[in-house]
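Asks: Just lifted these from TrEMBL, have a look:
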DOMAIN    135-190  domain 'Nitrite/Sulfite reductase ferredoxin-like'
DOMAIN    232-407  domain 'Nitrite/sulphite reductase 4Fe-4S'
DOMAIN    425-488  domain 'Nitrite/Sulfite reductase ferredoxin-like'
Amino acid sequence: MATALGAASTAVPGDRRAAAAAAFRSFTGLKSSGSVPLARQLNALSLSSGSSSSAPSSASVVRAVSTPIKPETAAEPKRSKVEIIKEQSNYIRYPLNEELLTDAPNINESAIQIIKFHGSYQQYNRDERGGRSYSFMLRTKNPFGNVPNQLYLVMDDLADQFGIGTLRLTTRQTFQLHGVLKKDLKTVMSTIIMNMGSTLGACGDLNRNVLAPAAPYARKDYKFAQETAENIAALLTPQSGFYFDMWVNGEKITSDEPAEVVKARNDNSHGTNFPDSPEPIYGTQFLPRKFKIAVTVPTDNSVDIFTNDVGVVVISNEEGEPQGFNLYVGGGMGRTHRVETTFARLSEPLGYVPKEDILYAIKAIVVTQRENGRRDDRKYSRMKYLVSSWGIEKFRSVVEQYYGRKFEPIRELPEWEFKSYLGWQKQGDGGWFCGLHVDNGRIGGNMKKALREIIEQYNLNVRLTPNQNLILCDIRNAWKRPITKALAQGGFLEPKYVDSLNITAMACPALPLCPLAITEAERGIPDLLKRARAVFDKVGLKYNESLVIRVTGCPNGCARPYMAELGLVGDGPNSYQVRLTLSQCLISPENYQNKLILTFNLCGKTDLARRDTKSDINSKNFYE
Ligand code: HEM
Ligand code: SF4
């Protein structure tokens, strides 16, 4: 199938995209352990003062404050700069609409905040010296990582024609397209929209992509989890039309929403909505900060369920028929170095809801955060700080007022498992799927070409996993052999030939394009994994022994390093905090001591290996 793009433009002045791509390729890795200590600190945090945001001047615009609970206060509360920018943006339009029309290669500070809601970050190549060469990173939204055939092919084309020639699969089951120039933004965005894709709300202070298990199992609970992820995503999609105004001249291109979603969104029985607002749930101010939801089924923790603001777990009866959901609240990864009052946190149980109520319960949680989350200092604006400061009892009772019912007690769950879905597996409906390991989610070169050919030739649908991997779906028996061959030719190894360290490892994109990166992650991790394997060999551990290693270039934690057995969190040039976690879904305790010794070896801290630190660093007291 051919995918036509609106405009075919590849000639870029000064070819900045090529420079960015080259920077990625030319990176020669982290310095060896001999010259620079990889680990500067071992679970050690020190204090420093954080920045605080200035108080706004009061503006004569509609304020989004309506709640059945909070009393009116006379004093104008202190608000961060981003709150003022949102308020004055005419529902996420201004000044982006003006900034997009200028000849400058970049946009101003306010527009940078606004374009996030449209699913994009402004970036520049930090490897280049001298003037900044600006480009934009676009992130799609794909509930449960679902990518229809046509959308995959379009993204593949766009990466070549307008990006740096690679596609990046993210830890939130989405694509990131790096290196898009400002002048091409409208073409790229409109092409995605016309092909039933979206970047709306992939970044910004609103509900982000909703995770759910990517595997296309023909099982009632899996299908129900995926359908629920789609419905929650639809419920919390912005309604005021700013996205379509900006990129497709106001044409509203969406698929029909289920009636239950529309009904739940418009319901205002418990004072959740702004009745006359174009954004009935978000109002002018949207949420205080990003908001992340994951749905899953018991035992399948492919989504890192407890790291989300809200975790939703399908509960089925003995016949396998879904009945309702357990809800967990208050997870989140990001923290700020040297500010001890910021923390990564796992979510805790809120309660059980029958399946008909899920959208109302989610809305009640979102509204509780909307009304009570901190808007003065963005370091503390995630819902985890609200849950932590109120305590779960108070949080639950406020949510119940917006929900209009009491939560039932949480249902007991079996142990969690980490599922990667790699290799060939039966879907359960006569078809097969094939899970492919993609190092750090970066698809480029021969791999990209081979994948495209296979997906195009067999008209396959694709799923993206929260481990930055990819699943080819709906494969007939007769296609297995030729597809296996084509994959091998494209450089995809069968899972049994991939080093087990690589299978579970993740790194965020970090340098050269992420503006927040303090040090390397994606470009540094191959060296790091080689070193880990060398230590394994030295102490006589087998090839299939593994350790979950995750690396990020800053403490925002985009690759969820705080959930890894060994998490490396950049805190300076070539320097990382080392975070150790005993996470029940990622590690089997019997191997724990061995791994601990290995980890310390890896970090050059062999003297600590003899100490029994197990109880010091298990996830419970680590996160609290
Ligand atoms: C709190 C936890 C956070 C999570 C779970 C998260 C989630 C993500 C995810 C899934 C990605 C794609 C990365 C990958 O696949 O490796 C990403 C990238 C990114 N995140 Fe975050 N994020 C977090 C915090 C932040 C914060 C606080 C900021 C900014 C203030 C931020 C800015 C970015 C940027 C700029 C990128 C793009 C990097 C690039 O592709 O060049 N993130 N984030
Ligand atoms: S963890 Fe930090 S460096 Fe890595 S992508 Fe996220 S914001 Fe950028």
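Each Cβ is built from the backbone N, Cα and C atoms, and glycine gets one as well.
Please treat TrEMBL annotations as automatic predictions, because they have not gone through curation.
Computed from a predicted structure; not experimentally measured.
How buried are the listed features, and what sits near them?
Replies: The DSSP breakdown of the domain 'Nitrite/Sulfite reductase ferredoxin-like' (425-488), given as helix, strand and coil counts, is 28 helix, 18 strand, 18 coil.
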Asks: Under the DSSP assignment, what numbers of helix, strand and coil residues are found in the domain 'Nitrite/Sulfite reductase ferredoxin-like' (135-190)?
Replies: 26 helix, 16 strand, 14 coil
Asks: If you average per-residue pLDDT over the domain 'Nitrite/Sulfite reductase ferredoxin-like' (425-488), what number do you get?
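Replies: PLDDT averaged over the stretch: 97.
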